[in-house]
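Here is the structure we will look at.
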Ligand code: GAF
């Protein structure tokens, strides 16, 4: 939805024009899955799909929220009453950001907000991070906080971890806050150092397709937390701060150290995924910076096998999307995001896009799955003020 429409709706709802309009995008993760809470590497890029927010300041300690995407009236919350676990619907994300900003000592005294999103929800494309980041950026601007982008991302992550109660890492919020058009973001989640890696698919005659399987996922459910706990157990057993500290060359020794007991098998699989996935991110960075874009395909596909077999977070629809895309000529394909549903991505020659899309749609129909949503992902700008 355009900035003008969001501005007009805000004016209708609140009786005065907003002070400004901001946008923050969803993301696709190219490679580096579940590595972010292991201090590892990730490589997302921003989608053109975004959350747009019209916002004005208030001085009376009240937060008013309205979304074009959710039925219902304006929701009114008192800032002093905001506390983790008190909201269990979409308002927890913006309210959580306000809570996190205030808890960190930033003088936010209230706001009126109207939102509209084009990021599919529950599709593994970071609709919640986009919602958090657009609020954080708007309040940062309006209250003159002047926080660096990485810090806004950290506060949004805190909102999600503590206020909403989802034990996620830092990737999605940083992607939404820091990505740049035409680039993928190589992020070291240990020290948050970043490199913008040029990723201009069109110039190479390539396309990246997203297949939203329409299988909804949620990170506040138990499986994401179980994987995280398993990785932390692996790090503790290996005597390292985080699995990031297990070198690729030392993987065999680490797996041996974990032993072969039945109950060690799961931790061994998790460790193997994280260590090999960090290596895959480095590999993709090397290939992209040397201009060998097509060669990242097999690395992406290898990442899918690791998520399916070692991390065990794929599902039949994601596997079908990946297998069908590969059989129809994709250079590489993998699930993207947290898993247990959501989206897959496929890298393909521009000339193969129609065949591939048709093949995936037909395979889903034949398997009796809900029709997937297939679209092209173009590396787009990160969060910004629109007016
Ligand atoms: C979700 C989480 F929010 C991220 O922090 C990350 O762990 C991702 O799953 C898996 O890579 O999107």
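Easy rule for this one: first residue shown is 1, then count along the chain.
Any Cβ shown, glycine's included, is placed from N, Cα and C.
Among the features that TrEMBL reports, active site, proton acceptor is placed at 172. Taking the Cβ of residue 172 (active site, proton acceptor) as reference, residues of its chain lying under 8 Å away and at least six apart in sequence are, in sequence order, 27, 44, 126, 128, 129.
Long-range neighbours of residue 34 (substrate binding site) (same chain, six or more residues apart, CB within less than 8 Å of its CB): 169, 227, 228, 231, 273, 274, 277, 307, 311, 313, 338, 339. Annotation comment: TrEMBL describes 33, 34, 35, 36, 224 as substrate binding site.
Per TrEMBL, ATP binding site is recorded for 67, 122, 123, 124, 125, 126, 127, 128. The Cβ of residue 122 (ATP binding site) has 15 neighbouring Cβ atoms from other residues within 10 Å, across all protein chains displayed.
Per TrEMBL, Mg(2+) binding site is recorded for 128, 160. In three-state terms derived from DSSP, residue 128 (ATP binding site) belongs to a helical segment. Residue 128 (ATP binding site) has a Cβ environment of 29 other Cβ atoms inside 10 Å.
Per TrEMBL, domain 'Galactokinase N-terminal' is recorded for 8-57.
Annotation source TrEMBL lists domain 'GHMP kinase N-terminal' at 93-178.
The domain 'GHMP kinase C-terminal' annotation in TrEMBL covers 285-365.
Within 10 Å of the C-beta of residue 27 (site 'Transition state stabilizer') there are 33 other C-beta atoms, taking all protein chains into account. Summarising the annotation, TrEMBL assigns site 'Transition state stabilizer' to 27.
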Inset, instruction - Measure from the Cα of residue 125 (ATP binding site) to the Cα of every one of the binding-site residues 33, 35, 36, 160, then give the nearest. - result: 33
Legend entry - For residue 27 (site 'Transition state stabilizer'), the three-state class that DSSP assigns: strand
Inset, instruction - Please go through the binding-site residues 33, 34, 67, 122, 224 one by one and keep those whose C-beta falls under 6 A from any atom of ligand 1; give the result in sequence order. - result: 33, 34
Legend entry - Separation of alpha carbons, residue 35 (substrate binding site) and residue 127 (ATP binding site) (Å): 20
